[in-house]
Amino acid sequence: MARTKIALIGAGNIGGTLAHLAASKELGDVVLFDVVEGVPQGKALDLSQCGPVEGFDAKLKGTNDYADIAGADVIIVTAGVARKPGMSRDDLLGINLKVMKSVGEGIKANAPDAFVICITNPLDAMVWALREFSGLPHNKVVGMAGVLDSARFATFLAEEFNVSVQDVTTFVLGGHGDTMVPVVEYSTVAGIPIPDLIKMGWSTQERIDAIVQRTRSGGGEIVALLKTGSAFYAPATSAIAMAESYLKDKKRVLPCAAYLSGEYGVDDLYVGVPVIIGANGVEKIVEINLSDSAKANLQVSVDAVKELLVACKGIDSSLA
């Protein structure tokens, strides 16, 4: 019986963390790809030596050749330049678009049946471009943003309410950027919606508004503190949750950047919405009723993503 194969494109901080998580969870054998010679090989060797201590038998291989991703069941793409202080996600557009082109062509030639998760920023534009360059079905290419943004929102809410993060369920829609939409009315503690908790005196609207804003700039807060790069532990953990739902056919409801063709009034665009991920990839897009303010915020987010796509088409005419 063939073992499951997970290919990680990009052997930076997120790629290395993904490799460790995938191996330690025994999700499958891991191929770590990078264009820089020696880096993926060194990280794979280092990580494989965790096996005897942690007790995993997953094989790890580092490579600079796309041929080695052949037959991958899941591909997680982190290749590209990370944000530095003062950079917006959109500043990365030109550099990372070129990276997506080579990655997309590598996937198309070697692993056209894979389920692909993109993490590269600016996320909503890069996942769209990666899908275009790879030619894979839309339901097999998604972007990791909402799981991470929702986790950040949940972390801050758990701190505010002094409750376990396990009992906090949050919902973040829209683009992965300053226009994201944390939906307060669908976020709960043990099933109790946040607006009800405000009425119960657990918090105030002003404090929740501040948490929403902190969630929006959650990535930037970490970039400013690290000064040399961006978040990698939580992004990797979030992508692994998505991969696991696909590989184990768990059918988890997760917010992801998914391709919309009419849902939420959006067409031909990747935007963060709740989806069901199972063995067929994105099996269903969950359309929830939004308040007028959430709808308006989502539209702002959609418009921001559209602007990025116009810029992408301006940089690479093959996308037009």
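Yeah, the Cβs are placed from backbone N, Cα and C, and that goes for glycine too.
When secondary structure is read from DSSP and collapsed to three states, H176 (active site, proton acceptor) falls in the coil class. The feature active site, proton acceptor is assigned by Swiss-Prot to H176.
Annotation for I14 (NAD(+) binding site): same-chain Cβ neighbours under 8 Å, separated by at least 6 residues, are T78, I119, F232, P235, A236, A239. Look at Swiss-Prot and you will find G10, A11, G12, N13, I14, G15, D34, N96, I119, T120, N121 tagged as NAD(+) binding site.
The feature substrate binding site is assigned by Swiss-Prot to R83, R89, N121, R152. The Cβ neighbour count for R83 (substrate binding site), using a 10 Å radius and every protein chain shown, is 20.
A gap of 25 Å separates the Cα atoms of H176 (active site, proton acceptor) and D34 (NAD(+) binding site). Within 10 Å of the C-beta atom of I119 (NAD(+) binding site) sit 28 other C-beta atoms, taking all shown protein chains into account. For G10 (NAD(+) binding site), other Cβ atoms within 10 Å of its Cβ number 26.
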